[in-house]
Structure formats: structure tokens, C-alpha cells
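Notes follow once the structure below has been shown.
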Amino acid sequence: MAHHPRWTLSQVTELFEKPLLDLLFEAQQVHRQHFDPRQVQVSTLLSIKTGACPEDCKYCPQSSRYKTGLEAERLMEVEQVLESARKAKAAGSTRFCMGAAWKNPHERDMPYLEQMVQGVKAMGLEACMTLGTLSESQAQRLADAGLDYYNHNLDTSPEFYGNIITTRTYQERLDTLEKVRDAGIKVCSGGIVGLGETVKDRAGLLLQLANLPTPPESVPINMLVKVKGTPLADNDDVDAFDFIRTIAVARIMMPTSYVRLSAGREQMNEQTQAMCFMAGANSIFYGCKLLTTPNPEEDKDLQLFRKLGLNPQQTAVLAGDNEQQQRLEQALMTPDTDEYYNAAAL
């Protein structure tokens, strides 16, 4: 059966051109049809292999091509990863994401990656990984280990992509998403706002995501975190309303997907984050760092949740785990500032 695109570029452009308050109203209506508007899914991201990446993504401090002062590290030991997962669960996260800075995993790494997935799943957490390009067999092995989600961002529109990355094609990214989907793993894929792209490019990114045969279950929208030493370090700041508008359009186009506020939250004030939740964002990364840049401290997130009347969402495997819920609400975790990193760098 042929796949028919759900959206056209002109339709998406019309959404971006709507008056902001009208757009937010529509996005909130769509959101309430599919989600509890007071619940936010909480994830933690750990860099399991940091730095020395051979790719040339211009936004990324982990690329070996740029002098950002980041020290390269080897793949973490399985038990180190699982200890971080235990801390994440104690802090209230329901999904544990593991990211590695490389173009693709080597076969010698696969047994360790499988053990990490199995260990995280044994704790009752959802497991997510972002490891770059996957082969069919690698995707299947991760699926067999129990991986719930695989993150592989498209970053921007096909037209603007070549200005940001030359070491991996757009089609390679789409092919990896297809292999992940075929293996039975849920897809997490989104992009970055602030790369120097136009509004048309933002529309083009969301068009690609929404028109996949099955849209991603999770759509992270990152605000560029400018890191000294990277080619995009001097880019203009992203206008908050432009970012909120992108969140709202993503919610309308992908009504059943989780839309995640990912990298860049440290740069957003409470009012901007609140408007993002109003626009339909319903997932965050929770922890002190996301790959090499700050993320709001846990207690700040909890204070904001209280102000807005939001609640952390539990996964099906954790439903009824009152202890886990209470831990999150009481913010008992001591921040582990050396381990949590920024999602936009993968």
C-alpha cells in the first residue's frame, strides 16, 4: 500500500504564519484531544561515550574537528551506566537515554550496549539509545535486548542540511529511522532551532517528520546551545516566540507524538517554558547536564511544575510505583553534574 503524505509545505507554512495566540489555541486543543495536559514525561540522558566523534556537525562540541576543550572518553563500563540509571530512577525519570558520540557503533561494542539496555529495563525504566547510524542487524539486536526508543534526529530540512553536516547524508538518517522502525523499536526524532535556518527550513523539518510512514513517537525540539569553538558559536539567539511557534506547529502536525523540550532549556526563562507547555510540549530531559551544556537543576524543574500545576508522567511499567513518584516530588536526588549532558550534541 502506497504511503500518502499527510502534509504539504504550503499547509505547514500557513500554520507558521498564523497569529501566535490563534496557533497556541489550536495546538492546545489538539494536545488535549490526545494527552492529559497536566502531565509531562520525564527523561534523563547520559553520555556513555563522549567526544572524538569523526563527524562534522557544526553545532556539536563532541566533534573531533573543533577545539572546544572537551576531553574524549571511551565507552563507559556497563555498571557505571546502570548506576547512573539507578540515580535517574531515584530522581523520578521514567526513561533513561544513553548517547554515544560516534558515527555508528562497532560490532565489538554491541554486547556491552545490549547489557546496558537489559540492565535499564530490569529496573523498570524505559530504555532509549542514540548511537548514530545502525545496520539492520544492529537495530534487531537492540530490539531483542528490549530497547524501547531509538533517537536519531534529522536536525533540519533536507535543503539546509548540507550547510550543517557533510559527513552523513540526510538519506542515511532516514534509512536508520526505517531500520529502527522495522525492528519494532519506537522512533525518537526531531531537530534544532537556531542553526541559521529559515522558517521555511523549520517547516521542511517538521514536514519530513510528520510525513514519515509512521510519525516519531517522540519529537525532541532543541534550541541551539552555542558552544565556543564550534562553527555556530556566534549564531544569533533564537527568538523565544519563534521557538514556541515551532513547538505549536509540531504539536498540530504530530498530535499523538510526545513533543520534548530538549537542549536549550537552560536559556529559557520560566515564562518561555510555560508557553512551550501551552503550545503542546509534554516531555523534558531532567538532570543537571545534557552532553556538554547545562540543563536546569531538578529542583528548578519541580518548582516550575508546581507553579504550573504539572505532574510528572509515569510509564505503564511504573504505574503504581508510589515510591518513585514521591521521590520525584520531593526532589531527593543530589545533582550528578559530571554525568548528564546535552541532547542537541547527538
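Even glycines carry a Cβ here, placed using N, Cα and C.
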Besides Cys97, Cys128, Cys188, which of Arg6, Arg260, Arg265 does Swiss-Prot list for that [2Fe-2S] cluster site?
Arg260
Return the residue, from the listed binding-site residues Cys53, Cys57, Cys128, Cys188, with the maximum count of other C-beta atoms within 10 angstroms of its C-beta.
Cys188
Note down the number of other Cβ atoms within 10 Å of the Cβ of Cys60 ([4Fe-4S] cluster binding site), including every protein chain shown.
27
How many neighbouring Cβ atoms, not counting its own, are there within 10 Å of the Cβ of Arg260 ([2Fe-2S] cluster binding site)?
25
In whole Å, how far is Cys60 ([4Fe-4S] cluster binding site) from Cys188 ([2Fe-2S] cluster binding site) when you measure between their Cα atoms?
19
Rounded distance in angstrom between the Cα atoms of Cys57 ([4Fe-4S] cluster binding site) and Cys97 ([2Fe-2S] cluster binding site):
21
